[in-house]
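Visitor: Before we start, here is the structure in question, set down as structure tokens.
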Amino acid sequence: MKEGPISSSSNFNHVPVMGKEIIQSLKELPSELTKQGLIIDATIGGGGHSAQILENFPGIKIIGLDQDPMAREAASKKLIKFGTRIKIISTNFADFSLDEQAICVLADLGVSSHQLDEPSRGFSFRLNGPIDMRMNPKEGSSAAELIETLSEQNLADLIYELGEEKRSRRIARKIKNDLAENGPYSGTQDLSYAIAGCFPPKQRYGRIHPSTRTFQALRIAVNNELGSLESLLLKAPNWLLENGLFMVMSFHSLEDRRVKSSFKTDNRLKVLSKKPIRASPEEIELNPRSKSAKLRISAKKFLT
């Protein structure tokens, strides 16, 4: 599949969700940790959360991770004033290893507003672009290649399991029939139109767009998002000092269920947020994306 143009980082606007809540949680750590501690920002994005942390805690250093080259470029520009207090690494957090210990690991999961708003990335069904959806546009197979290679049965299973889409069988049948009869879709809106046709007319204009769950499923599969999350949940507690915080922000139930279960069953961690922390009504009004966010926080136990 021919790639679309790689967008500039200049428009990479990452609005940090629940920034105040994250800063407040860090302020509740023992002062000896925040005076000179290390934080791992596992999904640095445009650098929004890291900037807030570095501004509020002058002694803290951050290692920021991101597999998206545009995100890293944008974060580098935003955070350049902090000098050696910030180090940005090109990697998926699932592949990261740490030789020292941190006071906090922060992961803001999912797709960023910029990735959704940039047509060339192929994440959005509202803006036409190549059916790509890769977090790293230079690695792996695109969503277009995925739907071409999967069987109808496997595609239906994927849409059902990763998108929780009840019409997965009908959607998969439509996609595979279209590909067989007409060849590849011209772009994301062409695919979205085909998906919407699998719904009754009255359901095509509801609060949730008909393509939402299918596009979510394809994106999760293309980027192995759940596999990467499982790896992070297993590895991150080992990176933490005693009392260090593990904060994970998720945006859909598949992620949140895994985070909740892992925090509850991992004997290295103590759950600090019995229920997920949600964005305030004021924040939701300013940043609608924050409405679906759930922040869970745990702390590293002292293990004898």
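Even glycines carry a Cβ here, placed using N, Cα and C.
Relevant sequence annotations retrieved from Swiss-Prot are reproduced here:
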BINDING   Gly47, Gly48, His49, Asp66, Phe93, Asp108, Gln115  S-adenosyl-L-methionine binding site
Visitor: Tell me the Cβ contacts of Gln115 (S-adenosyl-L-methionine binding site) under 8 Å, same chain only and six or more apart in sequence, or just say none.
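Guide: Gln115 (S-adenosyl-L-methionine binding site) has long-range Cβ partners Asp68, Arg121, Phe123, Met135.
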Visitor: Far apart in sequence but close in space: which same-chain residues, 6 or more away, have a Cβ under 8 Å from Asp66 (S-adenosyl-L-methionine binding site)?
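Guide: Same-chain residues close to Asp66 (S-adenosyl-L-methionine binding site) (Cβ under 8 Å, separated by 6 or more) are Thr43, Ile44, Gly45, Arg72, Ala75, Ile88, Ser90, Thr91.
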Visitor: Let me know the most crowded of the binding-site residues, choosing from Gly47, Gly48 and counting other Cβ atoms within 10 Å.
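Guide: That would be Gly47, with the most Cβ atoms nearby.
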Visitor: So for His49 (S-adenosyl-L-methionine binding site), how many other CB atoms are inside 10 Å of its CB?
Guide: 26
Visitor: May I ask you to report the DSSP-based helix, strand or coil state of Asp66 (S-adenosyl-L-methionine binding site)?
Guide: strand
Visitor: Specify the count of other C-beta atoms within 10 Å of the C-beta of Asp108 (S-adenosyl-L-methionine binding site).
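Guide: For Asp108 (S-adenosyl-L-methionine binding site), the count of other Cβ atoms within 10 Å is 24.
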